[in-house]
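K.L.:
The structure that follows is given in the form of structure tokens.
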């Protein structure tokens, strides 16, 4: 097995366990590449990639762009705020116009769930989903699992709790799929208002007491409260949220084991996680960022290898 | 499928010792030399030569690395089979070193072309030599020739040279096989 089973990366739901293993094994090699004095390989010099960001992003966009450039792909960037989308152009028209400039691959972030799947059915290019609404963010889940594998040796059998705003989080859903596919036990923890009603149907444990969740887990993935997606008030105040679902040093010290702390960023310091925890050696937040480039290089490389000349 | 023995176990052993001695002639105490096995198959030969140099010729501190060329190959997206990456281990500086590329079979020369590009990511070597166990002459696509060769072979395109190693396949031998 040395080829992905898919032509697009639309979500973890569409991947197999073997796909994830292949991505990780390839990412191992790219991680070595990005630690060389010259961090670039010429593999994709005849591939052009368009990064279409219909929603704001800093680290994902930078990470994808860096991954593409380190593979020697030609890169064009597009932000919805500066585009003809504002003039009323449809998504398919926008993308087809870009593709007629001979683009081979599209990395897209879009506020609507399913935008990547929709696009893959209507345009002739390899699509990578860089986040579609509250649906999936597959590369984030891959780099999260890759970071757990790096830190703990494997993902299988590990207890992972995802804490926070599960309702609005594409990172949570992709992580649940990815972790379960690799044989981890998954728990979600947060205020009841931020836990989707049928979350148990995904086969995850549900906990509303953070202390109990942390006592159970090997890894805690702390999510950001997504105020920008909240149209109503889901909890009384940020202060109350922090008191019940924020991780601080005292809480970690009260556990009888050392757990791994993750965060997909951007961090709201002092809300879901305090500064002393974010900067502690238990936190692998910056490793996640480094691994993000290697994992995205692997995804792009493996998808590009399926684009025939 | 017919199979012809090009080198037996004893012949492989004699050839490896000769190649090791030729390296010593040019590289003295190896302090400025780096041996680089080209992945995936060159690493076995490189490891074996390093072992002979260390154990039989008492050369200390040999710098030995493995270089993967997958991401530097010129046939990405051109073949039926996807390219599989291997591990690169070069934990020393190659800047200003005398680098010796080591591979089992030299055929079209394209792997070595890729390796010449790949090694630049680790610095600028003083010079680069090529050592190969089997040199398939008359089949080169590029102007690349070995500095050290075990055995020269005239093989046609529909034949394959298979090198087996004791530590990997259970025997030291080189075969010429009809595809």
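Every residue number used here counts from 1 along the chain in the order it is shown.
Cβ coordinates are placed from backbone N, Cα and C, and glycine is handled just like the others.
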K.L.:
Just to be sure I read the record right: A:59, A:60, A:137, A:140, A:265, A:266 are listed as binding carbamoyl phosphate in TrEMBL. Which of A:109, A:239 is listed for the same site?
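P.N.:
Of the residues offered, the record points to A:109.
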K.L.:
Just to verify: the residue among A:137, A:170, A:224 with the fewest other Cβ atoms within 10 Å, which of the binding-site residues is it?
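P.N.:
It is A:224 that, of the binding-site residues A:137, A:170, A:224, has the fewest other Cβ atoms within 10 Å.
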K.L.:
Other than A:59, A:60, A:109, A:137, A:140, A:265, A:266, which residues of the chain come within 8 Å of the carbamoyl phosphate site, judged by Cβ distance to the Cβ centroid of those residues?
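P.N.:
Here the non-site neighbours turn out to be A:57, A:58, A:63, A:130, A:131, A:171, A:264.
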K.L.:
Which of the binding-site residues listed here (A:87, A:170, A:224) have a Cα atom within 10 Å of the Cα of residue A:265 (carbamoyl phosphate binding site)?
P.N.:
A:224
K.L.:
Checking your reading of the structure: which of the binding-site residues A:109, A:137, A:140 lie inside a 10 Å Cα sphere centred on residue A:170 (L-aspartate binding site)?
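P.N.:
Of A:109, A:137, A:140, within range: A:137, A:140.
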K.L.:
Taking Cβ distances under 8 Å as the criterion, give the subset of the binding-site residues A:109, A:140, A:170 near chain B, ordered by sequence.
P.N.:
none
K.L.:
If you count the C-beta atoms lying within 10 Å of each candidate's C-beta, which of the binding-site residues A:60, A:140 ends up with the smallest number?
P.N.:
A:60
K.L.:
Counting all other Cβ atoms within 10 Å across every protein chain shown, which of the binding-site residues A:265, A:266 scores highest?
P.N.:
A:265
